[in-house]
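Participant: To start, I am sharing the structure in question, which I have written as structure tokens.
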Amino acid sequence: MALNVVILAAGKGTRMRSDLPKVLHPIAHKSMVQHVIDTAHSIGSDAIQLVYGYGADKLQASLGEQQLNWVLQAEQLGTGHAVAQASPYIADNDTVLILYGDVPLIQASTLEALLAARPENGVAILTVNLANPTGYGRIVREQGKVVGIIEQKDANPEQLLINEINTGIMAVPGKQLKTWLSRLSNNNAQGEYYLTDIIAMAHADGVAIDTAQPQSAIEVEGANNRVQLAQLERAYQAREAEKLMLAGANLRDPHRIDIRGEVTVGMDVMIDINVIFEGKVILGNNVTIGAGAILIDCEIADGAEIKPYSIIEGAKLGVAASAGPFARLRPGAELKQDAHIGNFVEVKKAIIGVGSKAGHLAYLGDAIIGDGVNIGAGTITCNYDGANKHLTVIEDNVFVGSDTQLVAPVTIGKGATLGAGSTITRDVGENELVITRVKQKHLLDWKRPVKIKK
């Protein structure tokens, strides 16, 4: 029996006050609907039907080439009408799981529990008990068994007292679903085709109906405006921060961290406030991340330290290496064991050898730097000739004086010393001292020009 997931994502989201389709608004740098798609894949879905309408071009541009079947809902006539558009793509023996593109925090474990709760050839509904159920459809039971769902606007005073609400998420057998969808009517206060009406049909047909509930109600909350979107963002961040702490990270303040990707941490990791993680980030044991740092698609080995306000993107730090404060490591940067990149140093597509240091105010691009090298302040690898990038090689134990320019392609041999202020345009041999600065001149009794008053 195949698992066929239908994701409803056709709405405009007028209350967002945006040209962007509602489901494309982001949670943690990823659209709400992408969160739902990823969760659907994670539970082993065999097919995903994405029901779309408003903003089709933007949806397709955002979601790109994924394993999705695009199903158009030209008119938004209710949830039942939306699911009905996917009927041609549903086999009789499918288990159909219905999800919503604006409910991004639903967890795989909850959906697995819902599927497990579905009786054979029956229906399972995800429900939540709320202290204030206003605005939601109510679960109607008789002698404990579900017999229907009544929408808020159609409920009588007695039904309005029910606090078990419908989340809209349900698992339904394919053959019966298609039959029930064909029998839906829009004879209700909204004039819409309610998906929820199939529950009363299931009861009337003698089909077993069971329910499951999420671990937290926040999983099934949607975002209809930017206030609710921000609330979901904070809930997501709190959940991700908790995962990090349980995995061995110490967060100075769990409320001041942004996780916008996949973060893996070792033991005894220390993360200060206002740190942002994006993409895939791996932190080893005893790693320290300073306040305000931004880490994007990088790997930080045991004992390494990222000091405050550094940006680490597409880079690797070896054991006990350090960067910052205010350092920038760009894609292709790699710091070997005990290497140090200090404040206002930028490294791009360069390897910094074991124990090598660039303490401050330098640019190291397209370079291979050996072990035990000292890079003075103001050093620049001049890697670009206006058309192509060229490589600078600095071998082991080289001392580069401050304010040195290395015009690539160039190689500096082992143990060489480059005097401060030099511009190096040719290869330097091992253990050589090279100084290229202009000879200092002294003009005695020099008189400065005098300003002329206007």
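Cβ atoms here come from the backbone N, Cα and C positions, even for glycine.
Features from Swiss-Prot:
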type     : residues                                                                                           : note
REGION   : 1-226                                                                                              : region 'Pyrophosphorylase'
BINDING  : 8-11, Lys22, Gln73, 78-79, 100-102, Gly137, Glu151, Asn166, Asn224, Arg330, Lys348, Tyr363, Asn374 : UDP-N-acetyl-alpha-D-glucosamine binding site
BINDING  : Asp102, Asn224                                                                                     : Mg(2+) binding site
REGION   : 227-247                                                                                            : region 'Linker'
REGION   : 248-454                                                                                            : region 'N-acetyltransferase'
ACT_SITE : His360                                                                                             : active site, proton acceptor
BINDING  : Ala377, Asn383, Tyr384, Ser402, Ala420, Arg437                                                     : acetyl-CoA binding site
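Are these features on the surface or tucked inside, and what are their neighbours?
Facilitator: Other Cβ atoms within 10 Å of the Cβ of Gly78 (UDP-N-acetyl-alpha-D-glucosamine binding site) number 21 in total over all chains.
When other Cβ atoms within 10 Å of the Cβ of Asn224 (Mg(2+) binding site) are tallied across all protein chains shown, the result is 15.
Helix, strand and coil content of the region 'Linker' (227-247), in residues and according to DSSP, is 21 helix, 0 strand, 0 coil.
Neighbour count (other Cβ atoms within 10 Å of the Cβ, all protein chains): 18 for His360 (active site, proton acceptor).
A coil conformation is recorded for Ser402 (acetyl-CoA binding site) in the three-state DSSP classification, outside any helix or strand.
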Participant: Can you name the far-off residues of the same chain, 6+ from the ends of the region 'Linker' (227-247), with a Cβ under 8 Å from a Cβ of it?
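Facilitator: Non-local partners: 16, 25, 27-28, 32, 104-105, 218, 221, 254-255, 257-259, 263-265, 269, 271.
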Participant: Counting Cβ atoms within 10 Å across all protein chains shown, which of the binding-site residues Gly11, Gly101 comes out on top?
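Facilitator: Ranked by Cβ atoms within 10 Å, first place goes to Gly101.
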Participant: Counting Cβ atoms within 10 Å across all protein chains shown, which of the binding-site residues Asn374, Asn383, Ser402 comes out on top?
Facilitator: Asn383
Participant: Report the nearest neighbour of Asn224 (Mg(2+) binding site) in space among the binding-site residues Ala377, Tyr384, Ala420, comparing Cα positions.
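Facilitator: For Asn224 (Mg(2+) binding site), the closest Cα among Ala377, Tyr384, Ala420 is found at Tyr384.
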Participant: Measure from the CA atom of His360 (active site, proton acceptor) to the CA atom of Asn374 (UDP-N-acetyl-alpha-D-glucosamine binding site) and give the result in Å, rounded to a whole number.
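Facilitator: So the alpha carbons of Asn374 (UDP-N-acetyl-alpha-D-glucosamine binding site) and His360 (active site, proton acceptor) sit roughly 11 Å from each other.
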Participant: Sort the binding-site residues Ala377, Tyr384, Ala420 by C-alpha distance from Gly11 (UDP-N-acetyl-alpha-D-glucosamine binding site) and give me just the closest.
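Facilitator: That would be Tyr384, the closest of Ala377, Tyr384, Ala420 to Gly11 (UDP-N-acetyl-alpha-D-glucosamine binding site).
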Participant: Roughly how many angstrom lie between the C-alpha atoms of Gly78 (UDP-N-acetyl-alpha-D-glucosamine binding site) and His360 (active site, proton acceptor)?
Facilitator: 61
